[in-house]
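Here's the structure we're looking at; comments come further down.
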């Protein structure tokens, strides 16, 4: 109806939504159209050609009027209806007290609210005044604002929950990454330590081999010189010609049978002792290099060694002698002073 459309447009509703609401409700009045607009405000307006409404209500009302008039004439002919009978002008819902202009509006109310108790009423529905229209518009706007506010709160709560999940996932990933980095750092440190020990052992073995080669060449040169001069050949490696210190140790003649020497090195400053095994022909300097690779407090050029039993101190000239020559085979305990 033109009046309902103008009223809805005056309330500030979108013209397209007003056309949609009136057509969808079959022009059954202002209230159904407003309810339709509020219920479908979040939906887009469809093509009005595809919208079907209750367009048959007028024909139905016309038929109902004709039938009512025929029934009234029949009753009057039988004397069953008084001339001054009261005509029903509306339909009233006895559960909530609302009044509706026609049956279609009452049915719409029943579907929406679930009420099923209605009766005919002589009250006539008056058109809304300007004041009532304004009041109804304010009420609708308040409902729409409340709905938008509620929706905004729900969206904010959902966004907050999603953000918490995202942060938790980020923290878990960061923690796993830190644990992996810590493990890799430990592995790398252990590998560096193993490489350092292997390098020290390799250097000691190479130096021991060099010293052994030097010694062999010196013995060979001495024998060749003795042969040229006709002198008796002296076996410098014979244990009988060893120094008294070497003879007093546990190596002696039997020390030649040990290819490796086990050493335990204790620091004069205290701390955990270091143990290693070196070729018996390695010089004492190889022990100094091994110890320097284990701790930064030891310098190869300044470190000194000593034995408690038998009590003995090794000078810098002893660093070029082999462990076998110094009587440290097959095993010995050395005291190192940085």
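Here the Cβ of each residue, glycine as well, is placed from N, Cα and C on the backbone.
In TrEMBL, the feature region 'Disordered' is placed on 151-170, out of the ranges 151-170, 271-290, 291-310, 311-330. Per TrEMBL, the range carrying the annotation region 'Disordered' out of 39-70, 71-102 is 39-70. Averaged across the domain 'UBA' (6-40), pLDDT in this predicted model comes to 83. With DSSP classes pooled into helix, strand and coil, the tally for the domain 'UBA' (6-40) is 25 helix, 0 strand, 10 coil.
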